[in-house]
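Data first, discussion second: the structure below is written as structure tokens.
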Amino acid sequence: MILSQGTSPLKGDFSRIKFSIASPESILAHSRGEVLKPETINYRTFKPERDGLMCEKIFGPTKDWECYCGKYKRVRYKGIICDRCGVEVTTKSVRRERMGHISLAVPVVHTWFFRSVPSKIGALLDLSTKELERIIYYEVYVVINPGEPGEKQGIKKLDRLTEEQYFQIITEYEDNQDLDDHDPNKFVAKMGGEAIHMLLKNIDLDETAVHLRTVLRESNSEQKRTDALKRLKVVESFRKSYEPHKKSRKKPNALFAEDDMPEPYVYEGNKPEYMVMEVIPVIPPELRPLVPLEGGRFATSDLNDLYRRVIIRNNRLKKLIDIRAPEVILRNEKRMLQEAVDALFDNSRKANAVKTGESNRPLKSLSDALKGKQGRFRQNLLGKRVDYSGRSVIVVGPELKLHECGLPKSMAIELFQPFVIRRLVDRGIAKSVKSAKKLIDRKDPVVWDVLEKVIDGRPVMLNRAPTLHRLGIQAFQPHLVEGKAIQIHPLVCTAFNADFDGDQMAVHIPLSQEAQLEASLLMLSAHNLILPQSGKPVTVPSQDMVLGMYYLTKSRGGEMGEGRIFYSAEEVRIAYNEQLVGLHAQIFMRYDGQVDQKFDAIRVMETFVEPTSEKAAWLRKQLDEKRMVLTTVGRVIFNQHVPESIGFINRVIDKKVAKELIGRLSSEVGNVETAKFLDNIKEVGFHYAMKGGLSVGLSDAIVPETKAKHIKNAQRDSTKVVKEYNRGTLTDNERYNQIVDVWQKTSNIVAEESYQKLKRDREGFNPLYMMLDSGARGSREQVRQLTGMRGLIARPQKSMSGQPGEIIENPIISNLKEGLTVLEYFISTHGARKGLSDTSLKTADAGYLTRRLHDVAQDVIVTIDDCGTTRGLYVHRNIEEETSGQIKFREKIKGRVAARDIVDTVTGNVLVQAGEIITEELADSIQETAGVEEAEIRSVLTCESKVGICSKCYGTNLSVHQLVEIGEAVGVIAAQSIGEPGTQLTLRTFHQGGAAQGGISETETKAFCDGQVQFEDVKTVAHTAMNEDGMEDVRTIVIQKNGKINIIDSESGKLLKRYMLPHGAHLACEDGVLVKKDQVLFRSEPNSTQIIAELPGTIKFADIEKGVTYKEEVDPQTGFSQHTIINWRTKLRATETREPRLLILDENGEVRKTYPVPIKSNLYVEDGQKVLPGDILAKVPRNLDRVGGDITAGLPKVTELFEARIPTDPAIVSEIDGYVSFGAQRRSSKEIKVKNDFGEEKVYYVQVGKHVLANEGDEVKAGDPLTDGAVSPQDILRIQGPNAVQQYLVNEIQKVYQINAGVEINDKHLEVIVRQMLQKVRIEEPGDTDLLPGDLIDRSAFIEANRAISEKVRISERGDAPARIQENQLHKLRDITKLNRELRKNSKKMVAYEPALQATSHPVLLGITSAALQTESVISAASFQETTKVLTDAAVAGKVDYLVGLKENVIVGKLIPAGTGLKKYKTIKLVGEESAPAPVVVEAVVSHEAEASPMVEEEVAE
């Protein structure tokens, strides 16, 4: 591979790297000499052998400034080549860069190009890998030129011949051997690398390309076209590798400085024959070291062994050729040489890999050195070890300020030693470096003073592994502490995900001035208070601090000093200190500022002040006029730390309130004030947690007395269910679901009662309740298990794919306070163990997801301010989502730029103008405005920047609440924001001890709020049935599939909530009535889908035959039978077919309605039975997802969405709007037709047994599913286009994070990733561009290719044009017009032309793995996965990596092109204000001194 870097050698600055196949000339140009012997070093002297693999003459001296024989020593002989031993006198570091070579006796094929899929050599020669292998490994001859003998025998070029056939021709035509090799009449056939070399050399790439394009255009055979396309891709790759170099002939060399280059060579692009090697490069010896161990043994790199085998076999082959050995022996030796070279380049590909002697492991070849986690890319280039760093255990430092950390003295002195030594010498305390070191070793007191001065104002960086997001590394101001542990501030623990049970952290020292500046300005912990993933604060008090603040601000009736009136906060403080009022006493205080409270002060006041008294009247007036506030002593103390501009916080401070408050502070008063506030409330929190002395005893867990009664009721209900099952009215599935339901409800009732009991205990001062209510520790779920009942337990799942685990139907009735019986204990161990094993297994999955996300988005950087697009994304107000606790409308538009004016449709007011940022205040007002149903916002998904994205489309940077700056690496932030909670999700299970949560299948649906009922698409029938008491009961039953009930505001008509009506639901309300909150709207059966009669008539079974399409299951306990439809295909012959369905006949026996019955349905009617509208004909059981809060279902779901996988058993989706009709029934499928009014018809074949959602005559829209199953994102893209699929992916991923884990991620981050998944298009028709059909290319490259030919025309008739103009060529329109003018002037025939045909394409949705591999950057893709494949393809095509992403720049050791590393900052120089000269002079200053200071203060000339 050749590295190229534009215009200057690698040691300077380079802007791109070109990959290509190394020609023999380039290998020789890099080489310093030929390695002739397999020896490495002399076993006695330990010095390298001459001409061996470690030879000093070739690779340079092993000691600095000393030749091999010792004739020249010392630096003064620099550059002299010793006349005795031939070694150049130079530094030993050249042994890291000087290469050698091995000249092979016969050409050898490079295994990468032969074994890669598809095989590059195979594609060029049109040979299969199997056939190639037989030629390369000397099994058959291949015909290179058939000549006359071949023609007579009917042998064509590339035919394979066995040895017998070959010798037969040779003996038959003896004079053939005398002809010259280039004579077209000579018969030539060879084998091995030599044959391949000759064949490849004879290929005319241009001719092959033309031929293959013709086949593509004209062939009717699909197979031929596929093969031609496969070959054409490789041919075009080789042709492309020439293109950029037609102008420049000389090519600078990457591996040497110019004065160091052995001999220039001209780079011509890749030639096919370069894939066969005549010389092999030998890498520098320092990169394959040989290290002496004790006891006279050596540790050596595997590469030395592999090179030795090549050299030994090569030398032996040369000798055999010299002595004219028999062909059989030669052939065997040549094959062994080929195998040795294969092993050297890629040992892992081979079935019989070369193994080591002792441990019998395969040797690590050159490819293995690059591949995988331990390979060069990931181990050494992306993850380097750093000096000036240390690590230690962390402990809490409660007295630290937010921006400080405690650094142990012993660690600090070690880290800052060079700086301390310099200070000691400068101040004259120590005479020399050596004596300064002695002072430090003695731990002289003066050293500590100097150290204090050195670290003053120098930030250090702390990092805790795993670093899942950018808050995992933060900068702090160090404080010297005794001991050996690092101290950290309690509030930064959340960001680091640290606790003090033995966690360790690493310390890094930023050395340069620029690094210190960035650390203290950008990375200081006090500047990182907001989570980039959601814009919410991360430095939130937790545990003791929350408990302390909650205890402090809670009120209690009857405390000492209740109802007293105070003049000011100071007065309250004095009274409290003098013990005249209690901490929780309700008092009145003069305050005329803004008050944040959520209670009615006058009503509370009347509970402890006589309402009719004069005092009460006066207080009422004061409270009304907002001149006084009713509060508690504790809240007054708390508010002394709140900045005045925020007002008086008159609420109980729990974790949620604290989080809101910190969020408000950071946006309203800035980070400095917020950091002060945080430090203050930390002190307050800890202090009052101590004052309260809150601890939990066994007596604090109170079990409600009513528990026994509820359990008795539940046991009664479950017995009733079992009885019904025994009577045969329920299936086993329904029995199970109903029993689980009964216990789930009981469990929830008991939990609620125990919670309420705790709440009432000691006026809410029960320590357990306070911990729970404040959010300090524990959850309602845990309280339920302590004082209620443990409830139902999930069975552990077998599969990892996230199928729901069954729930054990016998609940655990005891709670943890009462203690479990042996059986209960045994059942509950299930969940506990599963939690632990899950945690360890899933962390790896989440980590891998994060890695793929990083790789796909690492080059998304904000590059420009505005891309100027007119497109935007429509965000709708979705009532269902908002009321079910998902992301609100305001959250979706907050921090975005409006694409169009947002107008209140009721008043016509413009709320936000196009191009304006929607701030938090604006978003709130839009949320409250009923007249705004949707808003069009700028989005990353519609951004049209060519490279990266623009800041207007991204919107605000969530962590600073301002428009994102140019240079922000938003891709990496997006990947971190999605990956970090992914790891959190994983660790979700074990807190519940495996207790089952999830759907109580609610059979009654109640109104969410007061309002008016409005039916939408509701079709019903009245149905009379017997109720449990034997009385007649008339019910209204829904018979339409997609009906809805809306609840609207009766005055404004605004939609408040929407409910989907299930098929077969019983309505409990009427259209247009007013309902109250929690009034029942409808009842439905949650565990099955019902098939309901819509008309009266008689049932007839069609294709429902016992033992064929249904089985009769007689329940052994009850003796009742149940008819279940079965998969009948297993019972019938291949030609037969069945379609089970129920028919409703009228009196004349005519069919009025047909109902297909899917497999697994249970029939509820008999053949010939009379039915009425609303009768249940059959039930199709649903699989209910009743698993505990286990994200197992979540993580695979997220992965499936990001990888754009087609779900198992996807739904069939209609491609057009139209009406459904059913067609013919085949053996294994039935036809569904969708036809529209324009006569367009689409036919779909549905597998028998799949549940069809659409009925005959139903109207469907494009994109509606016709059958059950998950919709495939690929279908959405095909039918509804890229916008729909982008929205679908973002919403679905959000749902998983929201519902499964309650994690908030801003849509922006998901949009960035989804944008990357849709960056590519697939070429349909290439037109006149040089693209290939089926090519996958970047959308911008596609637009560019079309733009390039937009001004060109294709010549259809050349007329009397000059010879350079031929038919079917492309030329610029203006050139041809000019030429035609000339031709017309000379009365000649003009050129006829037509416009060049543009290419057409369709968008492609790639999963994140393939999107990361398809990236434009070779280096980035190679370091991600499939390293050899990526590099092989890049080398063949002569690809250039322009180093635009972050990863490739890290790998080549440059600053990343983001943040302060942006290119435009390189040429900026800081100039003092008074001395700033005219701009021209500044430019001169800049260009001369640009090297000196890479840091930026002020932008001057670019």
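Keep in mind that glycine also has a Cβ here, set from the backbone N, Cα and C atoms.
When Swiss-Prot records Cys943, Cys950, Cys953 as binding Zn(2+) 2, the matching candidate from Cys867, Cys1009 it lists for that site is Cys867. Counting every protein chain shown, the Cβ of Cys85 (Zn(2+) 1 binding site) has 16 other Cβ atoms within 10 Å. The binding-site residues Asp499, Asp501 differ in how many other CB atoms lie within 10 Å of their CB, and the one with the most is Asp499. Taking the binding-site residues Cys69, Cys867, Cys943, Cys953 in turn and counting surrounding C-beta atoms within 10 angstroms, the largest count is reached at Cys953.
Taking the C-alpha positions, the distance from Asp503 (Mg(2+) binding site) to Cys950 (Zn(2+) 2 binding site) comes to 40 Å.
The secondary structure of Cys950 (Zn(2+) 2 binding site), as reduced to three states from DSSP, is extended strand.
Nearest in space to Cys943 (Zn(2+) 2 binding site), taking C-alpha to C-alpha distance over the binding-site residues Cys67, Cys69, Cys82, Asp499, Asp501, is Asp499. Spatial neighbours are here defined as Cα atoms within 10 angstroms of one another, and by that definition Asp499 (Mg(2+) binding site) has no neighbours among the binding-site residues Cys67, Cys69, Cys82, Cys85, Cys867, Cys950. Taking the binding-site residues Cys67, Cys82 in turn and counting surrounding C-beta atoms within 10 angstroms, the largest count is reached at Cys67. A 10 Å cutoff on Cβ-Cβ distances gives Cys950 (Zn(2+) 2 binding site) a total of 22 other Cβ atoms nearby, all chains included.
Among the binding-site residues Cys867, Cys950, Cys953, the residue whose Cα lies closest in space to that of Cys67 (Zn(2+) 1 binding site) is Cys950.
A distance of 60 Å separates the Cα atom of Cys69 (Zn(2+) 1 binding site) from that of Asp501 (Mg(2+) binding site). Considering only the binding-site residues Cys82, Cys85, Asp501, Cys867 (Zn(2+) 2 binding site) has Asp501 as its nearest partner by CA-CA distance. Same-chain neighbours of the Zn(2+) 1 site beyond Cys67, Cys69, Cys82, Cys85, judged by a C-beta within 8 angstroms of the site's C-beta center, are, in sequence order, Glu56, Tyr68, Gly70, Lys71, Tyr72, Asp83, Arg84, Gly86, Val87. When the binding-site residues Asp501, Cys950, Cys953 are compared by Cα distance to Cys82 (Zn(2+) 1 binding site), the shortest distance belongs to Cys950. Other than the site residues Cys867, Cys943, Cys950, Cys953, same-chain residues with C-beta atoms no more than 8 angstroms from the centre of those residues' C-beta atoms, the Zn(2+) 2 site, are Ile864, Asp866, Thr869, Arg938, Val940, Thr942, Glu944, Ser945, Ile949, Ser951, Lys952, Tyr954.
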